[in-house]
Number of protein chains: 2
Amino acid sequence: MTALNWEPIDAKAVDTARVLAADAVEKVGNGHPGTAISLAPAAYLLFQKVMRRDPSDDQWIGRDRFILSAGHSSLTQYVQLYLGGYGLELKDLEALRTWGSLTPGHPEYGHTKGVEITTGPLGQGLASAVGFAYAQRYERGLFDPEAAAGTSPFDHHVYVIASDGDIQEGVTSEAGSLAGTQQLGNLIAIYDSNQISIEDDTDIALSEDTAARYAAYGWQVQTVDWNTKAGYVENVAELFDAIETAKANTTQPSLIVLKTIIGWPSPTKQNTGKIHGSALGGDEVAGLKKAVGFDPEKHFDVADDVIAHTRGAIERGQAERAEWQKGFDAWAAANPERKELFDRLEAGELPEGITEALPVFDAGKDVSTRVASGKSINAIAPLLPEFWGGSADLAESNNTTIEEAGSFAPPERSTAMWKANPYGRVLHFGIREHAMGAIINGIVLHGKTRPFGATFLIFSDYMRPAVRLAALMGIPSVFVWTHDSVALGEDGPTHQPVETLTALRAIPNLTIVRPADANETAWAWKAIIEHRDGPVGLVLSRQNLPVFERGEGDASGDTFAAASNTAKGAYVLAEAPNGTPDVIFLATGSEVQIAVEAREVLRGQGVNARVVSVPSQEWFLAQDAAYRESVLPAAVKARVSIEAGLKLTWAPFLGDAGRSVSIEHFGASADYKTLFREFGITTEAAVAAATESIAAARA
Amino acid sequence: MTALNWEPIDAKAVDTARVLAADAVEKVGNGHPGTAISLAPAAYLLFQKVMRRDPSDDQWIGRDRFILSAGHSSLTQYVQLYLGGYGLELKDLEALRTWGSLTPGHPEYGHTKGVEITTGPLGQGLASAVGFAYAQRYERGLFDPEAAAGTSPFDHHVYVIASDGDIQEGVTSEAGSLAGTQQLGNLIAIYDSNQISIEDDTDIALSEDTAARYAAYGWQVQTVDWNTKAGYVENVAELFDAIETAKANTTQPSLIVLKTIIGWPSPTKQNTGKIHGSALGGDEVAGLKKAVGFDPEKHFDVADDVIAHTRGAIERGQAERAEWQKGFDAWAAANPERKELFDRLEAGELPEGITEALPVFDAGKDVSTRVASGKSINAIAPLLPEFWGGSADLAESNNTTIEEAGSFAPPERSTAMWKANPYGRVLHFGIREHAMGAIINGIVLHGKTRPFGATFLIFSDYMRPAVRLAALMGIPSVFVWTHDSVALGEDGPTHQPVETLTALRAIPNLTIVRPADANETAWAWKAIIEHRDGPVGLVLSRQNLPVFERGEGDASGDTFAAASNTAKGAYVLAEAPNGTPDVIFLATGSEVQIAVEAREVLRGQGVNARVVSVPSQEWFLAQDAAYRESVLPAAVKARVSIEAGLKLTWAPFLGDAGRSVSIEHFGASADYKTLFREFGITTEAAVAAATESIAAARA
């Protein structure tokens, strides 16, 4: 086992980290100093002694990943990014939590170099870390599956710092259970068990044996207790040894329960809730500085020998990287095809032939969009080794299984239905939607593969915090949500989304796609894999829908538009019979057929209705004004939305004369035809709404 | 220990339950037969041999509670409700999952007698059961705290049937940890560990030692394995003994891991994913019937001796109830004051003096609405012993602590900050928002107390499935959500709600209340405790807000309206200076002050602006048309909404000429004044929007 080299200058650097954290919070007047002070030794150990990272290149694919799940303690990370030379300087620490600074309240992905993931909502980091660990293994499987463990340039570890809050959140229980099942030897989490949260001593609400719980998940659990008979001793070597032991265990994720005193050695506020989330006050900061032998009059003061020592991380990182590069180059030379794949993924490019591979569905057949999605997934999967995913125990219902691909799991987890291998492409999340969301995010953040995770649309509620975080980070997580309306039928209102599309469309930077038929579904998948600037939710029907007969291009006369228009978000599917619309229907998914039928009924009444299919409001709003005007001419005020859910998101498209065919209440348990009839999602309702809207537009 | 009396007729009744479940799913063609077949012995045991219930009165407060967390297996419950004489008959089982039937796909609270809670979204039942158990203890504390354990009419048990899905969901991990901390000896969960979920053998995604995990939470865990060396033997007596052992343990919640074979004894589909969620098919149903010695040609066929035997539950229940009534009457005679409280709660009434107790905040001061809420809670708490609640580790931030009330927890969980007793009023959920939501729901469902749970508004996302279920059930759970906009400031975008109000308002039957100042907050609390037809989310500011100078009644001239208008949802806070509005501002919460300022600026420009404070869109929409017209006259088309979040929910109130001052993107980390300025939540923006809207209304 490697021995730790720990000099007095390291101790001084750790103390420097503590006082910088205290100074930074004090300057802005708010923040979370406590953990940053007491966890400085652990963070320093990771950044300076444990992790293989090159501060000069935060994108180096060989780097160990670091996740601060306790995002409120952002200074724990910022101070190390400063000390280690990752790009942050003292002025950045001084600008903590202020407008435009590189040091926001919580670490933000894409904003500060060296931050691998946005954290802060508790549990998300630790849960996404499981996804990082999945991704490391899957990417290794893509590029270097034959290499012995620990010998591949694609081998590295994922380190996490987690807090009392993280381990209480349910999402980490879900993810922890999966991590054990997956035997993620590459995952090492340090749980800062300081037993203080905002309501002070956690005893009031936390009595479980967390170590035993993680052992029950199948984790290796070690406890490092810095509270000794001789008082509180920050035994860094003991922690280092535990990390080494964890690294040596390649078949279990590791939890190191590190028992600390929050805020130590702050003289009066250590070990209290006060130090968790508030500035210390000048006296206490001075007391802290005195306790570690620093000048209480100085602020943001870093000794030259300290920074010279810690910035040695740059040179060490570059040296480690040069060593790694040799292995990588040897791998590249020996694996030209895999290197080609690697280069394509790094460049963010797609191979030729996606369009040609898309399934084409014959008009006149009835196909649910979930089935069409399953066929689309399987059509493009052979071209895209980076494309993988699965379901939260609803594979058959979600139609998300890549056939004959093997399941991603240790072989011993194989069952009669699923054959597993460590590099399989089919993900099984169990009944754990929230962890699924966080894990998908982690996979996306780790590398350039394209994972997807599926459940029923209603259960997007269970994973919403992870979906929001994907949107906030602007990362291309893909969520497949089937059973997309009351039309799922007999399972009843607990399973029937009504408000769900609205609630999802409300999330900034999240794209929702609800295709109208099988061919729109295929083209939606193409657009989704081309889309890298944010998460997408693909919303699919349980029930069969007619496959529309379409032409090759735009709608014209009675020829329907080609499904290749899907990526525009909205397009004229069927033109008004005389070419000049009296009224425009806007519909999505299973309700587009109702618009098509209503167009025919209205034609019989001498009314010319245009049908606009709107698979994605977001994609449509991203089109230029001219295109939008061509689809929804301002002059046509009579408009009707048809969607089996709330009408709210249609209001901006409809205007005062617009009307909606919608459902404004919870569903019920019955077959879907009965529900659509009882809830007024019918051709008759669409015709009546059109008539009303035309009248309102004339008034 | 009581011995089980189990006759051949009981075994026949159990087999009857199995074939009824198979017949019912077969008739409608879809549903979940597997668990209902194999778990029939356990369910029958609970309903016929274990639980103290009176089928003729499903509201008897002395009843043991039953929660089918595995809601998809609704037949497990429906068949017992039929056999036991709770009101369901064969025709109801025949109508399974059809429009208007008493037997919807998942059990629905308020719809079918004997159903204590709507379940189906996995994990919710088991998590809410923890709330039921909290409530039993708290109610005992209200009415009969001195009674020895097991001797009070307020003593009973909460029984749960949970599935592989339930134990995987994170919400149950959170709730399970709390249940252990709370030492809930009144909670007994049977975990049907059949190791089959929709993706077949759970081995593919579940390898944890669940028994060890629950032991780590502090539960008593017993395992009853019906897979024996002699084959599969439904040893009902062993299960009964385990339940008796669980009942005898009064200081730990109990998990009984019952290892079953799903669908047993169906000949070919037992122990497969196929039997979980699909009809068996005629041959398999026939095979099942043959396996249990029933006539495969008969459907919904119940032998007279079986139903005569099982309906004996009515007489037994009434006898048990009569016995219980003696104890209750003795208690009532001995405790007249407590009986008065009991009667008031049962009647759903409030005491005199609430209005008088409300705090009055002086105009001109600056008070955050969260602080005003804390003062309101503490003002009404002395009048309302049924009013209790707390926070998910944010007590000080949420201002939800009932002072000097004692914390609800075993005394040994007391800390330096909190003194605990089993009947305390202050709830501590730890960092477990989702369990908090489910527990609050369980408390509300158990009895007539009025609990509240609090966190930051952004983390309503974590508890959304529970909030939705409260809305679906129409129960008066109260959620306090503070830090209600980007104005929470430095914590940054992970903590700043932008889309959150919209996403919550989208949930049918959920009321969102966002008061504009301290006095609106007090009146909001009054309205909330008077409100019993659905859940309420009270949305509060972190930052201080001016307390408006108000008159006694409606707005008039420059006199602002009284805060007692809050319950109307929207009201004219400040009339247009000349009495005839050129433009109407609609604002909520912290943005109402901006509307007030803009009104003054516009007055200087000769423009007359009315300010409408809209604490609750839902309450406003519940007012009659005349009132709504009086607040928002149709003739005034120039309207501007001001809310520091998405504008979407305002569109229906604004019309084509309306404009919005809003935030359509994620937030940032900085002080709130900077954020409001940078994001355009300003008086200037409000004035500009008003000018634009007036022009649009004229065009």
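Counting begins at 1 with the first residue displayed.
Even glycines carry a Cβ here, placed using N, Cα and C.
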* Structure fact -> Cross-ref TrEMBL: thiamine diphosphate site B:His72, B:Gly120, B:Pro121, B:Leu122, B:Asn194, B:His276, B:Phe459; candidate in list B:Gly150, B:Gly165, B:Gly430 matching that site is B:Gly165
* To do: Name the one residue among B:Asp164, B:Asp166, B:Asp225 that TrEMBL lists for the same Mg(2+) site as B:Asn194, B:Ile196.
  => B:Asp164
* Residue among B:Ser56, B:Ser397, B:Ser460 sharing the substrate site, where TrEMBL lists B:His32, B:His276, B:Arg370, B:His483, B:Asp491, B:His495, B:Arg542 as binders -> B:Ser397
* Across all the protein chains here, work out how many other Cβ atoms are within 10 Å of the Cβ of B:Ser397 (substrate binding site). => 19
* Structure fact -> Listed binding-site residues B:Pro121, B:His483, B:Arg542 screened against chain A; CB under 8 A survivors are B:Pro121
* To do: Compute the average pLDDT of the predicted model within the domain 'Transketolase-like pyrimidine-binding' (B:367-547).
  => 98
* Least surrounded among the binding-site residues, given as B:Leu122, B:Ile196, when other CB atoms within 10 Å are counted -> B:Ile196
* Structure fact -> Within 10 Å, the Cβ with the most other Cβ atoms among the recorded positions B:Pro121, B:Asp164, B:Gly165, B:His276, B:Glu433 is that of B:Glu433
* Asked: Which whole number of Å gives the largest C-alpha distance between any two of B:His72, B:Gly120, B:Pro121, B:Leu122, B:Gly165, B:Asn194, B:His276, B:Phe459, the residues noted as binding thiamine diphosphate?
  -> 34
* To do: Check B:Ile196 (Mg(2+) binding site) against DSSP and tell me helix, strand or coil, would you?
  => strand
* **Three-class DSSP secondary structure - B:His72 (thiamine diphosphate binding site)** => helix
* Asked: Do any residues at least six apart in sequence from B:His495 (substrate binding site), in the same chain, have a Cβ closer than 8 Å to its Cβ, and if so which, in order?
  -> B:Phe456, B:Ile458, B:His483, B:Leu488
* To do: Can you tell me which recorded positions out of B:Gly120, B:Glu433, B:Arg542 are within 10 A of B:Ile196 (Mg(2+) binding site) by Cα, answering none if there aren't any?
  => none
* Work through the binding-site residues one by one (B:His32, B:His72, B:Arg370, B:His483, B:Arg542) and point out the residue whose CB has the fewest other CB atoms within 10 angstroms. => B:Arg542
* Quick one: of B:His32, B:Asn194, B:His276, B:Glu433, B:Asp491, which recorded positions lie within 10 angstroms of B:Asp164 (Mg(2+) binding site), measuring between C-alpha atoms? Sequence order, please. => B:Asn194
* Structure fact -> Looking only at the recorded positions B:His276, B:Arg370, B:Ser397, B:Glu433, B:Asp491, B:His72 (thiamine diphosphate binding site) has its closest CA neighbour at B:His276
* Asked: Taking Cα atoms as reference points, which of the binding-site residues B:His32, B:Arg370, B:Ser397, B:Asp491 is nearest to B:Asn194 (thiamine diphosphate binding site)?
  -> B:His32
